[in-house]
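Asks: Mind looking over this structure? Questions follow.
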């Protein structure tokens, strides 16, 4: 058995149990299961990458874990804490992607695709933000900033995949889409119309977004090492 296998198995077990306990309870079991999701996938990344990690990726894992903790905690400011934590995660991911963006050469098709994605994200954001969320305590201006940052990250992911369709950028795109659906259905389920289906989509896309994120990190790290060796 490889050194990274136990942590990957633990991640999938924790993810499945998180989904089950979200739908069927009890909440105390959900806390234990959910706390293992980011922790186990972080260990999987470390062991796969020979225990090497930079500050940006370390911050991404740290604030992902903190954001999950805030979501699980049921107190007055937990909602704002979760929003700020995942906002930092998205900002760090954008910072991580910026160096590679400078190398992209945009063709006509790429620009058309980018403009189309921007239009879709604007329409989607306006539609979601126009819904009545009386229960939401987070300042509306912060939600707008959060939506803009998430939209930028998704646009970058789409462009990266269009310009270079490889395994790394496929996982980057899937990660971004999981983040998008997780956030949308978290808001819909928590503040607009509570449904088990919404809860299922929200928790499933959230826990598996970390798997795609780590797959992207690992594949991208390997590509960079090959370039440096050449």
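Any Cβ shown, glycine's included, is placed from N, Cα and C.
Pulled from TrEMBL, these are the listed features:
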TRANSMEM  7-24  transmembrane segment
TRANSMEM  30-48  transmembrane segment
TRANSMEM  55-73  transmembrane segment
TRANSMEM  79-99  transmembrane segment
TRANSMEM  111-131  transmembrane segment
TRANSMEM  143-162  transmembrane segment
TRANSMEM  169-189  transmembrane segment
TRANSMEM  195-218  transmembrane segment
Asks: Tally Cβ pairs under 8 Å between the transmembrane segment (195-218) and each listed stretch (7-24, 55-73, 79-99, 111-131, 169-189), then give the stretch with the top tally.
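Replies: Highest pair count goes to 169-189.
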Asks: Using a Cβ cut-off of under 8 Å, list the residues of the same chain at least 6 residues beyond the transmembrane segment (7-24) that approach it.
Replies: 30, 33-34, 36-37, 40-41, 43-44, 47, 196, 199-200, 203-204, 207-208, 210-211
Asks: Please report, as numbers and ranges, the same-chain residues at least 6 past the borders of the transmembrane segment (79-99) whose CB is under 8 Å from any CB of it.
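Replies: For the transmembrane segment (79-99), the far contacts come to 56-57, 59-60, 63-64, 66-67, 70-71, 73, 136-138, 142-143, 145-146, 149-150, 152-153, 156-157, 160, 179, 183.
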